[in-house]
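S.K.: Sending over a structure as structure tokens; questions will come in a sec.
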Amino acid sequence: MFLSSFVSNLPGGNVGFIIPRESGGYIVSYFAQIAEFDWESRQVKPFITVESDKPGNRFNDGKCDSYGRLWTGTTAEYKGILEVTEVGRLYKIDKDLSIHAIEDKINISNGMAWTSDDKTMFYNHSLPRKVFSYDYDITTGEISRKQVVFDFEGKEFLKSGIPDGMTIDVNDKIWLACFSSSQILQIDPETGKILKSIKFPVSQITSCCFGGPNYDELYVTSSVDELTEKQLQNEEKLAGSVFKVTELGAKGKAAPIFQG
């Protein structure tokens, strides 16, 4: 097996998400733009721009539902101190590339997931540190009946962290990346109970997804953001790594691709 890697600097900001596209290539977000990305030619062609009136905003996490719609959200750019800004939005982008602002007054938009029957959507709002659920209509892409599934408020910050990216297994249990607390939590969204905690040798855990031939391996990303050079040379040497976790006793499935 041969593996290749390359580094491509995108103009305008860090990558928020990259998702395969049904028509070929990928879509990638950087700052407040979504672009076509061709792996072979390395060409990046923006086709969506939002919130040009808010120059500090950028896309964060993004995922597609099983119908191929893209859901993504924006956040202000934070440096060190998390502030309640409420300048972000949650967006739905349909197959015809129409853009719909679904919710506003978002601080930090983050991970999303859907149950196997497509009737429930989960959404992480990193500040105020809550995981929400919505009733979901897969035919129309409409959400309703917003509820709190898991609330980090009142929990010690360094022990619980901030809800970041997430995925879901075939039994509809959430696997939640907890930024600043070195862990992935498996949560039962029906009861709000923590079923499992997986610890990592880095603090800034950012997201996760199932992969491998049987989708029974969990791939976990991490960040170097807000870490000092001293930390990176000592206790955070592995910060920025991608980790693989096996023997979980859980399986996921392939993530939907963008149909637009």
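The backbone N, Cα and C atoms fix where each Cβ goes, glycine too.
Found this in TrEMBL, in case it helps:
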type	residues	note
ACT_SITE	D164	active site, proton donor/acceptor
BINDING	R58, N60	substrate binding site
BINDING	N110, D164	divalent metal cation binding site
DOMAIN	12-223	domain 'SMP-30/Gluconolactonase/LRE-like region'
S.K.: Across all the protein chains here, work out how many other Cβ atoms are within 10 Å of the Cβ of the residue listed as 'active site, proton donor/acceptor'.
M.R.: 25
S.K.: Under a three-state reading of DSSP, tell me whether N110 (divalent metal cation binding site) is helix, strand or coil.
M.R.: strand
S.K.: Counting Cβ atoms within 10 Å of each candidate's own Cβ, which of the binding-site residues N60, N110 comes out highest?
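M.R.: Buried the deepest by this measure is N110.
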S.K.: When DSSP states are folded down to helix, strand and coil, where does the residue listed as 'active site, proton donor/acceptor' land?
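M.R.: Once the DSSP labels are grouped into three classes, the residue listed as 'active site, proton donor/acceptor' ends up as strand.
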S.K.: Secondary structure at N60 (substrate binding site) (DSSP, helix/strand/coil)?
M.R.: strand
